[in-house]
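**Student:** Under the heading region 'Disordered', TrEMBL lists 1-55. The compositional bias 'Basic and acidic residues' annotation in TrEMBL covers 8-22, 42-51. Per TrEMBL, domain 'BZIP' is recorded for 19-82.
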């Protein structure tokens with residue numbers, strides 16, 4: 001075997017080892033890229049689930065605000081109607097420090 005043939009054989013072996021390293025590196029990179037994409041997808045899925053949950057909670061809270069607003073309007077009307085007829089607000093006894101017991105009982109719920 002000539003020196004040239006021997007060095008060419010060594011180059012081929014080196015080239016073959018380099019090719020193997022490239023293949024392993026590509027495979028390792030491909031697996032890492034798959035893992036990264038999977039992780040991104042899982043993160044996006046988790047964020048979407050959290051978004052859906054927050055949307056449901058927001059809808060529920062808006063519904064509750066509506067109910068409480070309606071209740072407040074109703075109670076304000078009840079209070080306004082009661083103030084028109086309340087003997088404690090329209091009686092001269094109001095100027096006395098001790099109100100009449102019968103006037104108090106007429107304003108209290110039965």
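Residue numbering: from 1, along the chain as shown.
From the backbone N, Cα and C atoms, a Cβ is placed for every residue, glycine too.
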**Student:** Can you count helix, strand and coil residues in the domain 'BZIP' (19-82) using DSSP?
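**Tutor:** Residue counts for the domain 'BZIP' (19-82) by secondary structure: 64 helix, 0 strand, 0 coil.
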**Student:** Taking all residues of the domain 'BZIP' (19-82) together, what is their mean pLDDT?
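**Tutor:** That stretch averages a pLDDT of 97.
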